[in-house]
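Asker: Sharing a structure here in structure tokens format.
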């Protein structure tokens, strides 16, 4: 098979991976009263089956086997963004928050937000520390869980997933995990999802209320969600008597609690003594701020220096992730002035309890967790870096490469979001020689290499060398601002301004904050040139004076004229915009009615009973989920209140869902109301099928009566096959109640649109 054909084939299979369904990893995400189950498969088994056919073709054409490097870059390294806590954890924390005093929780949540804002504004030299859970009250613990638990879980899940990719041996060993991080054993929860069932789990926590939460989560809730649960042991302090006993030690959000550098180093020594000498791992994770990265950087330097000072080979150590080297960190923020840090992001779905005590306008369903971390392995030295193993084009990628843990540890890592430009991609990496490199991968480097560069993400390993490279010097990595004495002010002094030549054009020249017009100066220059031979001294000095003083007067006049012109233009624009806005206000209602009558926007009632059969109510799991949001309104003359009991529900095409509205009569007499509904966008209304609802029916409510109104619906499976629905991810279901009015014959007079 020709090489060009192989290249196109591998590109086709690479794009084909987006068409397969995820099936293995379970992730439960609740939205309101409805819990939806998503299935994901991180191994892309279907893509492997297709790649096996391509490998057979390569073998038959006497070419090496398909590159495992390509397999790694295509599927193994891609991280899932659909991370969320289990439903039972969410319900448990939600129940704790609702039982507590709302005022205290909101106060402590605001205090945490203020501390986070203060941390980002303070310089590194200013003292700052987080409050330890040891001194927290019960409402403070709940406020911390509300603010930090989803973010901390997403960060640790991403770190452990990356650790499993880079160091594949960690999943094969017997796991003895020690979680001494801040919170209710979040590191242990993340390890359950990434690694096989560990042999033993220990959690360090002193707070009595937090210990109770840990017991409930890890002994009562977690065993019901796992086929092979592990009951953890809760400890009051670090088990310093069990040195070299744990294969994985996790400390998240703990370094910011240290008051001094001595306390920080003592804590690191204690953690390091608990790590097993036979390849044990220490995971340190902090918030992705300047202070958090600074602590991670100091801990990294301290532990590496500690291992170098000992002659015992059992205490050898090296960085597993994210650094591909054991040298000095090239990002030096303590001696610089830029907020240039090594941090990463992880997308995740917010838990329902995270939306409590949050204004409605600030509620979101997902967010990103910023974190800085380091993973250090004890007792094993870093494998030698094979500097000749570099990949530059498609031919190198198609070669047979054995992707193993020693190889992955020396690969460069992307430390900033790739800049995807037209025709090329700019990727900044931290390389194995402790330098920052900028790789530029253009289209001319190869279609496969360019495609992989376009699909690369922040935090990925990237072994490709760009066609164009620039390396930062090891002595000065960060850019420093110029000294204040050498910077220019807004209006620089005259000696810094360019000179105004005699033979300039009539166009104005912009220098600093001054506009120079040279029309009059040009006319005077001609007169001076004509008479300069008669009175050379006079005209020479007068000419110089005019260049300085006369031109300034001209520039001032020009500035005033330009200011008045800009002022008049601005007024004209404001008047025109005001008239247009006023006219648009009067024309909005008829224009909207005309638009709805022509396009069908506003929803169409689906009365075809043949589309309500059970065959259409089968979820199509191979399609994306659609967010259905709810809204309730009443007419101005109706003394009712109408609101949805849930804000949103995520459903698949063909999946049935049940929602509830609550209607309340706030008046002192009985009222009969009739509801109508609206679907936005209107083109999706034909696929929105309601099996049962309360619209177009008379609803009588007694004085001060409150009732629940159900809505049972599903989205027709043909929604997924319609190309016009391709970009529709959100559907709004809105109900409006009107007061029912009758004529003398008892017929309903209320107009429903």
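Note that the numbers count up from 1, one per residue, in the order the chain is shown.
Even glycines carry a Cβ here, placed using N, Cα and C.
What you are looking at is a predicted structure, and each value in this text was computed from that prediction instead of being measured.
Summarising the annotation, Swiss-Prot assigns transit peptide to 1-39 and lists sequence analysis as the type of evidence. Residues annotated as [4Fe-4S] cluster binding site in Swiss-Prot, with similarity to another entry given as evidence: 323, 329, 342, 430. Per Swiss-Prot, the feature transmembrane segment maps to 571-591. The topological domain 'Mitochondrial intermembrane' annotation in Swiss-Prot covers 592-753, and the record cites similarity to another entry as its basis.
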Asker: Have a look around residue 323 ([4Fe-4S] cluster binding site) and count the other CB atoms within 10 A of its CB, chains all included.
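Answerer: Excluding its own Cβ, residue 323 ([4Fe-4S] cluster binding site) sees 23 Cβ atoms within 10 Å.
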Asker: I'd like the number of other C-beta atoms within 10 A of the C-beta of residue 342 ([4Fe-4S] cluster binding site), please.
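Answerer: If we count other Cβ atoms within 10 Å of residue 342 ([4Fe-4S] cluster binding site), we arrive at 22.
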Asker: Starting from the [4Fe-4S] cluster site formed by 323, 329, 342, 430, give every other residue of that chain whose CB sits within 8 Å of the mean position of their CB atoms, in sequence order.
Answerer: 322, 325, 330, 331, 413, 415
Asker: If I restrict to non-local contacts, at least six residues apart, and a C-beta distance under 8 angstroms, what lies near residue 430 ([4Fe-4S] cluster binding site) in its own chain?
Answerer: 322, 323, 324, 325, 330, 342, 412, 413, 415, 436, 437
Asker: Let's check the environment of residue 329 ([4Fe-4S] cluster binding site): how many other CB atoms sit within 10 Å of its CB?
Answerer: 20
